[in-house]
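Peer 1: What follows is a single structure, and I will ask about it in a moment.
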Amino acid sequence: MRFLLTYPLLKQIITLPKVCFSSVLRHSSVVVDRKPVKRKNKSKRKLHANSDSLSWEERLADTVTPLWRLSYEEQLKWKQEQQHNILLEMKKQLAEYSSQDFSNDLGFPLLPIVPSPVTDGYRNKSTFSVNKGMDGNSKTVGFFIGNGKMGNIVCVHGDHLLNMPPKHKMVARHYEDFLRLSPLSPCLLFHDGGHWREITVRTNSAGHTMAIVYFHPQQLTPEEISIHKAELVEYFSEGPGAVCQLDSLYFQESSMTRSSHEQSPYHLLHGQPHIYEEVLGFKFRISADSFFQVNRAAAEALYQTVAELNRACVGGTLLDVCCGTGAIGILLSLQMERVIGIELIEQAVEDARYNAKLNRVDKCEFLTGKAEVVLPNLMAALSSHGGLTAVVNPSRAGLHYRVVRALRNHPAIKRLVYISCKPDGEAMRNFKELCCGTDYQRKILGEAFRPTVAVPVDLFPHTPHCELVLVFER
């Protein structure tokens, strides 16, 4: 029996009897707790050929989509084994830091990986870099191969990449054409001058397209920059780039590698300020810098998995930590009496509040700030009436230990759902902090959690990555 969810609207899921998922856990036939098969070297031979004999395109595919040579069934099998190995390492580390018994293999079920409904062209966001191409032209738009320190960087077009949709490739090619027509040089290294930088392309399932062009002002005056902005707009609205049919064209000028909207505002040069996406019957607004899962169809599978895992905690309050634009909180609001989301990026919180109103959800409250600052104060004032459930979906950097401490020390939180895109990274530290014994020095005093079930969800076909949904209970 596979843990494969169908894709009706979330409202239909929640009206089902509350025995479905618990019955799955009671049947040992669905547990994938086997010992890992030692085929590491074999996997490497299958994933990569001899790089000396490969074309630039093949080298790029091996870098960006390392599993592209495998069938999708083989990819899922490979990822399932990788997640099993990661959880075995987690169990090993928990055994060192916890008094709990982790003697029987994992000690909890790892369910079969939930596949992505779409395997090719699934990305709704892509960022293309600018650098020297195979022909030496520094105005080449694509993806890097090589090492900056070694001075062997080559920028290769991504037209052949399996995870890239045609619209993204089209916009990147036309941006390259525009750069080669522009009198301004590209900005390869900040200290070497130059202006034109990368471009980000965002699309939705309806085919709407947003492009964000990044630009280093160097010593140009605002008046000079405005001339090049106008040329960019003309190219994409009336010139050869009009074939891209951009719904939104943004421009961000910054002297930093990465800048938020607050640090360097995104300027709308043409079209609409937002595009919208529909997920499980709910509509979400997407801004230039807001986070949204890159694979919409697989994101539906992810959110349905979280909703199913949350069945036992229907009612009460949901804490949605690192909530982004509010997708999880809004989708789970049908199960809960109240939802409180916390997010660092101010624009994302504005989108989350807008999304709640757009979907007529009045149970959600979204707070701006660092979770490690907002959460401890919130927890002290939060009523535990009806029970508390936490869902955390941090970046690869994981949660700050003060966030874990606040969650761990609140006795009303009996269940925590951790969504990790890199469980073998900093998230492993969080797992130990949630499950370790009392740590008086770090003021981790609450009852320890224990992992009870794990479900991988593949959001990134052809790559080694997937999301791991891990439930902790106490």
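Including glycine, each Cβ sits where the backbone N, Cα and C put it.
Copied straight from TrEMBL:
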type: ACT_SITE; residues: Cys421; note: active site, nucleophile
type: BINDING; residues: Gln293, Glu343, Asn393; note: S-adenosyl-L-methionine binding site
Peer 1: Are there any residues at least 6 positions away along the chain from Glu343 (S-adenosyl-L-methionine binding site) with a Cβ closer than 8 Å to its Cβ? List them or say none.
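Peer 2: Spatial neighbours, sequence-distant, of Glu343 (S-adenosyl-L-methionine binding site): Cys322, Cys323, Gly324, Val349, Ala352, Phe366, Leu367, Thr368.
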Peer 1: Can you name the residues of this chain that are 6 or more positions from Asn393 (S-adenosyl-L-methionine binding site) yet have a C-beta less than 8 Å from its C-beta?
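Peer 2: Asn393 (S-adenosyl-L-methionine binding site) has long-range Cβ partners Asp320, Val321, Cys322, Cys323, Gly324, Ile328, Ile419.
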Peer 1: Counting Cβ atoms within 10 Å across all protein chains shown, which of the recorded positions Gln293, Cys421 comes out on top?
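Peer 2: Of the recorded positions Gln293, Cys421, the most buried by Cβ count within 10 Å is Gln293.
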Peer 1: To test your reading of the S-adenosyl-L-methionine site: which residues beyond Gln293, Glu343, Asn393, same chain only, put their Cβ within 8 Å of the Cβ centroid of those residues?
Peer 2: Phe291, Cys322, Cys323, Gly324, Thr325, Ala327, Ile328
Peer 1: From the Cα of Gln293 (S-adenosyl-L-methionine binding site) across to the Cα of Cys421 (active site, nucleophile), what is the distance in angstrom?
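Peer 2: On Cα coordinates alone, these residues lie 11 Å apart.
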Peer 1: Please give the greatest C-alpha separation between any two of the S-adenosyl-L-methionine-binding residues Gln293, Glu343, Asn393, in angstrom, as a whole number.
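Peer 2: The two farthest binding residues have Cα atoms 15 Å apart.
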